[in-house]
Amino acid sequence: MAKLSKSAKIYLILVFAVLYAPIFYLIFYSFNSGGTMASFEGFTWEHYGAVFNDTRLLIILMNTVIIALLSSLFSTAIGVLGAIGIVFLRNRKTRNTVLSLNTILIVSPDVIIGASFLILFTLIGVKLGFASVLISHIAFSIPIVVIMVLPKLQEMSTSLIDAATDLGASKRDILTRVIIPYIKPGIFAGFFLALTYSLDDFAVTFFVTGNGFSTLSIEIYSMARAGITLTINALSALIFVVTLGLVLGYYFFNQRTGQSPGTGGAKL
Amino acid sequence: MKEITRAAIAILLIAGILLYVVNIMEKSSATSGGGTISVYNWGEYIDPELIKQFEKETNISVVYETFDSNESMMTKIEQGGTTYDVAVPSEYAIEKMKENKLLQPIDHALIPNLKNIDPYFLDLPFDPGNEYSIPYFWGTVGIAFNPTLLDGQTFESWNDLWDPSLEQEVILVDSAREVIGLGLNSLGYSLNSTDMDELREATDKLKTMGPNVKAIIGDEIVEMMRREEAAVAVIWSGQAADVMWVNEDIDFVVPEEGSNLWFDNMIIPKTADNVEGAHAFINFMLDPEVAAQNADYVGYSTPNEKAIALMDPEVTEDKRFYPPEELRERLEVYENLGLEMLGTYNELFLEFKMDMEN
């Protein structure tokens, strides 16, 4: 990479400062003994203790993670198969139609998707709660996975498949030994993007939660009226640190093994 | 392919373990035998210890959920798909829910603790005879101000907001009935006025406040007052209590002309599953000690007479949050003015806001 000019560097630093300042500001106040974010009065671990004492908050946090993991897993599986299906559609027109339908789902506002799900679920009598949230998260993640996987598939030369067929590979072998290994980076990218989408989704979840099931975004939003407590700051700080740890661990692991299973996968 | 399979299995395992842990945690916090009730309340509007106490006393486990606005709560209840046994809407929402037949009558025989409530808060126009609702917390609308930013200036009347020295200092809450209401109040008219002449006069008077108005916003007011970015604000008493808790310079006053009196009340939705449990919960919340502890935690004013006797007199004798009788007489509860009149209020409020921009 060419060396950055000084002004470019300053610009970059400024951009990152803007991106990270709110997070550090929030983390800073999680150690405030004053009880609010108005002024810093002294150092305390008390809010971190409160996080671990608040069973309800911990359950909500775990629910959020469970929903994110499961929904992105299922949506990746469905999305990958869908993308493969789309690529092998013979008719150009049909293919474009299906792709456009997929794109519409990505650009349509979450509020509308959420409201539609609410109406659908109440119509067919699904009880709102874990299942309804999981289903809708899977649903809105699928188009994203499709979009992430498609470029990899389109990039793949069809002669690879022809060669495999010539060598006597069954359809199943072609799928599991040729196509999927080739698009692996796309699959992981799709999975992680779905994970993020699910973790921070508010609008859709807002409509389809119920019966005591709640995720972090909903809970924090409801708190806003009475003022968000510093417990949330502490929780956010913990989540930030864990995420940071995961990302660092991932890079460390990648450098050691020389593999890159994730987004920045090496071009084959 | 192997790697992907392994990753998928690992994710399933992690999710499974987390699910198991959540199950254990839920079981350990829940009690068995007495069934379950689900309570739908505003965020941070109950002392969590009280839920535990209720579960221990009655063996009924509580599923607790929160909402942020009357409107979203009503939608959830109306749509079904989830069954709430107790919810806590504000008075105007109760009227609407009654009209939409979303409520079921409350059996007063199952709520012996109703006798603890100050009769002043019972049998109000939005629910005569308390057929459907039981008071939870109440408050007023008033002026919060920071004397240190105003050379010690104080407020007694709504008209003080028009003081020329307050240029660009006043924040108003972005709500039609509150703002038009203060206009009406400052002229000595009723908050529930439907007289077009009075409404017109109030709007015209509000417009003359223009130079003083710094902003018309929502919940951010609390944060702005805390940070001393604003000196005066028209807000609800509960918000004022929050502000004063963190910034001791700030004072709150219910203007002498009178103001709005609002209520949040416990109701039982039509779709409730465990009606008996819901009654038990409402009755529990009306217990003097419970109500006192809750008021202490939440910081709003309790309508529970017996609870007030148990609370710190310094709080309950604070006229700003527990207005004395002669002031109470000047407080008015919002009446349902009907859709058309509400439209007129909104229109006038919009007109006022548009005038601000010029």
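Going from the start of the chain as shown, residues are counted 1 onward.
Here the Cβ of each residue, glycine as well, is placed from N, Cα and C on the backbone.
Whatever TrEMBL says is automated annotation, not expert-curated.
Feature annotation from TrEMBL assigns domain 'ABC transmembrane type-1' to A:61-250.
Taken from TrEMBL, the feature transmembrane segment applies to A:12-31 (among others).
Summarising the annotation, TrEMBL assigns transmembrane segment to A:57-89 (among others).
As annotated by TrEMBL, transmembrane segment applies to A:101-124 (among others).
Per TrEMBL, transmembrane segment is recorded for A:130-153 (among others). Sequence-remote contacts of a segment are chain residues at least 6 beyond its ends whose Cβ falls under 8 Å from one of its Cβ atoms, and for the transmembrane segment (A:130-153) they are 63, 67-68, 70-72, 74-76, 78-80, 82-84, 86-87, 99, 102-103, 105-106, 110, 113-114, 117, 121, 179, 182-183, 185-187, 189-191, 193-194, 197-198, 201, 204-205, 208-210, 213, 215.
Annotated transmembrane segment per TrEMBL: A:174-196 (among others), in sequence order.
Here TrEMBL flags A:202-222 (among others) as transmembrane segment. If you look at the transmembrane segment (A:202-222), the same-chain residues 6 or more away from its ends with a CB under 8 A from one of its CBs are 57, 60-61, 63-64, 67, 109-111, 113-115, 117-118, 121, 127-130, 132-133, 136-137, 140, 228, 232, 235.
Feature annotation from TrEMBL assigns transmembrane segment to A:234-253 (among others).
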So, taking each listed stretch (A:12-31, A:101-124, A:174-196, A:234-253) in turn and counting its Cβ pairs to the transmembrane segment (A:57-89) that are under 8 angstroms, which one gives the highest count? A:174-196
Grab the same-chain neighbours of the transmembrane segment (A:234-253) for me: Cβ-Cβ under 8 Å, and only residues 6 or more beyond its ends, written as numbers and ranges. 23, 26-27, 30, 47-48, 50-51, 57, 61, 216, 262
